[in-house]
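Features reported for this protein in TrEMBL:
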DOMAIN    29-174  domain 'UBC core'
ACT_SITE  112  active site, glycyl thioester intermediate
């Protein structure tokens, strides 16, 4: 009988500690804003979002983009998002996880998108960033490149650029670089 009371008491303590932990763990302003942004997402059908660490980790997620027009039509490109606790005062960190032949995305996955750098403002949101990424696939910009070789080919010979994109999306090599198959 005494043992039963100790077990019950231990269960009560464990439940109270769990309750205290939940009260102590408050969401940051960034987490609250991100939760709002995600709940209000209005993505085109060609984009998707996933939480590889589960719904408890909203600050790290992945977005897939499948352009339905342009040079990259038919490919699927994966981006990782890491959001700071001080979001929206700091832009999310976005990396392309697919090795891609693109003037605005380098081979390490860094993305050249003005709203992720100097043009970021707290009024912008995740939906805006995803649409900006999508726009990079429909209108690649050779004037502000990270991959200078791809930018030069796009500027000087759009037909060769289109051919290189198709080969790269099939997982082939262009120059010294092997690309991720994404078709």
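First residue shown is number 1, and so on along the chain.
Cβ coordinates come from backbone N, Cα and C, glycine included.
Not measured: the values here are computed from a predicted model.
Here the domain 'UBC core' (29-174) returns a mean pLDDT of 96 for the predicted model. Cβ neighbours of residue 112 (active site, glycyl thioester intermediate) (same chain, under 8 Å, six or more residues apart in sequence): 104, 105, 106, 141, 144, 145, 146.
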